[in-house]
Amino acid sequence: VGFKXGVXEYKLTYYTPEXETKDTDILAAFRVTPQPGVPPEEAGXAVAAESSTGTWTTVWTDGLTSLDRYKGRCYHIEPVPGEADQYICYVAYPLDLFEEGSVTNMFTSIVGNVFGFKALRALRLEDLRIPPAYIKTFQGPPHGIQVERDKLNKYGRPLLGCTIKPKLGLSAKNYGRAVYECLRGGLDFTKDDENVNSQPFMRWRDRFLFCAEALYKAQAETGEIKGHYLNATAGTCEEMIKRAVFARELGVPIVMHDYLTGGFTANTSLAHYCRDNGLLLHIHRAMHAVIDRQKNHGIHFRVLAKALRMSGGDHIHAGTVVGKLEGERDITLGFVDLLRDDFIEKDRSRGIYFTQDWVSLPGVIPVASGGIHVWHMPALTEIFGDXSVLQFGGGTLGXPWGNAPGAVANRVALEACVKARNEGRDLAAEGNTIIREASKWSPELAAACEVWKEIKFEFAAVDTLDRE
């Protein structure tokens, strides 16, 4: 074969509309906005090329390998309804392009380079189909939903959490005191804020000690198992593991990590440590909106959520639908199912582009957190169901009577909603009535209801489904 130098159009090699995808391929759905004058086939093929074997010109060394075996292929393109110049381009990647058990390598390949590509005005990775053959190379969540329930001995209801506020500035002793009050009042978990690591006003070791003391005291008083998400996120992997080891030595049930700022390599290491040592792992998604909030550019959160399930985590923040942070209901429920269920059918009405089979990888519990309070409890119980953690930071610590009564109010509201649901009542229609009835016999709940009766965060979601 004679080598022919020069710049060839990408679509000649990488746009193959008739190609059949393999069961072992990783499939990607990209939302592509080409520059004016660039046809969608060329743009789609360019994405496939630049995220797999291609480069800008033909190279001599192409002859030393089998491009047909290794190249990504753009196998289908569809216009986005309601958008003049946007297309969904589907790309299939051969499995051999990826290192086993490495989310880091998967992302470096698929989204590493191509997003700066000049022929594209914008590019967003909307969804990935991870084949069972690749999933089986990952450990996944350290324990998963069922094992967590068994460890905590809590069934048949969502779990309750609270982020300790003010997030920065408390001393370790006062921080521990707030933890104790919330847990004693009836919460299951309290949480380090994502930016609490080890700062001058509160070093990590002191915080770990006082929080452990708080949760043992609360356990003894309530007869329930309690947890505090001790944030092990640190500047180096070694320091992170050191903190996790200390948490294990204290005998606490759960640690926490910021998986996007900490990075997938660190996160996967921590997840392996947690499984080997019986620690649950709570994952915070700090920095996600930088990546996922723009509708036409970046990576959709459902992809970051899938990646986390592969890398490993037992809880992950997944939006509230009703609070202060972004999240359209159908889209949120789509990736909540991707986190929890074993098999998820393709469903474009919920933003799910591919059928995903997790082949028994443990599930992740979605965490609803951010601007929620007792009046939201019926909606949250209905939307998220039992396998979830509902986190009320300000909604606990902002109760007028203090932290413990704030916790009592949340627990009473939750138990009332679960009871009503189990009796067959419609939480969506009767939610306010259910909360009002419960507040008649719980003065703590009545006080909380009074404070937050008018609070709403009324903004339209930025990231919406495409509709005709």
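Every residue, even glycine, has its Cβ placed from backbone N, Cα and C.
Binding of substrate is annotated in Swiss-Prot for Asn113, Thr163, Lys167, Arg285, Ser369; the matching candidate from His76, His228, His317 at the same site is His317. Distances between the Cα of Lys4 (N6,N6,N6-trimethyllysine) and those of the binding-site residues Lys167, Lys191, His317 are shortest for His317. Surrounding the centroid of the Cβ atoms of Lys191, Asp193, Glu194, where the record places Mg(2+), the chain contributes additional residues within 8 Å, namely Thr163, Ile164, Lys167, Asp192, Asn195, Val196, Tyr229, Asn231, Met256, His284. Listed recorded positions near His284 (active site, proton acceptor): none (candidates Asn113, Thr163, Lys165, Lys167; Cα-Cα distance within 10 Å). Checking each of the recorded positions Lys165, Lys191, Asp193, Glu194 against Asn113 (substrate binding site) by C-alpha distance, the shortest gap belongs to Glu194.
For His284 (active site, proton acceptor), the count of additional Cβ atoms within 10 Å of its Cβ stands at 28 [all protein chains shown].
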